[in-house]
Structures are given as structure tokens and as C-alpha cells.
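Below you'll find the structure, written out as C-alpha cells, and then a few comments.
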Amino acid sequence: MPETKYPRLVIVTGLSGAGKTQAVRCLEDLGFFCVDNLPPSLIPGLVDLLGHPGKEGEGITKVALVMDIRGGEFFSGLDAALNYLDGLGIPYEILFLEAADEVLVRRYKETRRRHPLSSGGQILEGIIEERRRLEELRGRASKIIDTSELTPRQLKEQVSELFGSSQRRLIVSIISFGYKYGIPLDADLVMDVRFLPNPYYVPALRPFTGHDRCVEEFVMASPVTRQFIEQFAALLRFLIPHYLQEGKSHLVVAIGCTGGQHRSVTLANKLGELLQGENYSVTVKHRDVVRYLSTGNRR
């Protein structure tokens, strides 16, 4: 019989307005499977489902559940669910976020949102009542973060330190594209390589793509190309640690030529090769080259 191996379970809770949404976004970046406001009665079933190999959800090793006062009567069953997990010896961690009353009041006024427990628009009364209701749960917390003086970046750093691996890794996605089809919407950095020699104007090379050796050799034969790709890779090696320090988890680098068929494809591949082996994960995708592989499209 396969050994039961339960996922790492983190329950994120705390005062409304204290930063639970930002904390959960960080946990998602760290690879956690996140569920918002799951009824407590379903927690044991979810943990059991994920803890047995061969069932749905296999491969999920880290789970974060957001539980807060918005759950109403559901939230009152959380204590029973935790006691059930304790009885089975299933480990879990509780991350409790809080902030000073005056800070929470200010945040609610800035966002113009209504506190879930406020009556007649009295924000402070709602905060005090919520703090009272959560007092026992706070006492069970594994980790408590006071966000009163924290910026979103600082909160992300604390959550990453608590629940991330010992060494955070940035995902670098390199995408080739053609300007005639538009710049990728999710690009963080865009590099225009239309200044490089264009294989399109060599009739023998026109039918091929940047994946083909003949096009690659033509593009890389230019001293300007070789100097450019080395300097661009060096720039990224300089930038990436600073992006990581700022809390960024995914960097999209888009490299564009006219049609996304020749130059951008070759250079995206070359850049991926130069960045492999560094302390970050690198993927290379070619958005528009498929247009030229089967349809015979020409610019």
C-alpha cells in the first residue's frame, strides 16, 4: 500500500485588511496551490485527497488555504477542522496577519471598502469585533506577521523567507515575435533586433526560419550580432538579481524582428543558451514562427 504523504499545508488567516491577498499571491509565486475561503468542513477531505498517490491532485505538494471572517458561519467550523487534523497527526501551519487598528482604519478609508463586520459604516467597531473573534485562532498560529509598517514588497520578502526554498529562483521566459503581429502583451523587456542583417532579403534563406542552421549561420556571422547578443546577455545577468531583489518571480524578455521568422528566432535561441546554467530557470518560446512552418506565409 502506498505511503501517505500529505502536502505542506499553510492556512492563511488574520484581520481583514492586513494583507492576506498579497501574502497568498506570494505563496502562489512560491508554487503553492491556493484555495480562497474553502469551507472548513472540506479541509480534511481535501488534505486526504492530496495525500494519497494515484488520486486527483497528485503532484501538488504545497497547499495554502485562505480562511477569514468573510466565511461567516463556515469560519466557525475551522477550529473543529484543525482539531480533526491534529487527531490524525496531519501537520499544518497557520500564518496569521494583523496590523494596528489605526492602520487598518486608514487602509479601509483609502480603498473605500466596507469592513465585513462593521455596522453603520463604523470601521473601528468591525475591526475590534473581528480581533475578538480571531483571538483564539491567533493563539494557535505558527507564524504571526504584523504588517503595520510593511510595504507590499517587505511583506512578500517575509512570506518568501518563511515558506520559500532556501534559494529563490527567477523564471526567465524568452519570446521571439514579429512586430507586424504586435508586441507580446506580457513582455517586461522588449528588444528590437531589426537593425541586424535580414535573411529575408537572401532568396535562398527566405523560406527557412531561425531554427535552421543556414539562417543561424547567416545571422551570427555578423560581428554586430555577436557583440550585441553577448552584451544583451550581460545586461540581463546584471538586471536579474535586482529584479529578484524587488520580489519579481517571472521576467518576460521579448525579442522582435519584422515577422518573427528569422532574426528574433535565432537570437532568442542563442540568448537562452547563454543564460542556461545560471541561478534562474530559462524557457524559450517562439510566438510567430509557426506561421511560416506550414502555411508558407511570406512577408
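One-based numbering along the chain as shown.
Using the three backbone atoms N, Cα and C, a Cβ is placed for every residue, glycine included.
According to Swiss-Prot, the ATP binding site annotation covers Gly14, Leu15, Ser16, Gly17, Ala18, Gly19, Lys20, Thr21, on the basis of sequence analysis. In this structure, Ser16 (ATP binding site) belongs to neither helix nor strand by DSSP; it is coil.
Among the features that Swiss-Prot reports, GTP binding site is placed at Asp68, Ile69, Arg70, Gly71, with the record citing sequence analysis.
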Whole-number Å value for how far Asp68 (GTP binding site) lies from Gly17 (ATP binding site) (Cα to Cα)
11
Near ATP: residues not in Gly14, Leu15, Ser16, Gly17, Ala18, Gly19, Lys20, Thr21 with Cβ within 8 Å of the site Cβ centroid are Asp68, Leu97, Glu98, Ala99, Thr147
Looking only at C-alpha atoms, tell me how far Asp68 (GTP binding site) is from Lys20 (ATP binding site), rounded to the nearest Å.
9
Taking the Cα of Ile69 (GTP binding site) as the centre, which of the binding-site residues listed as Gly14, Leu15, Lys20 lie within 10 Å of it?
Gly14, Leu15
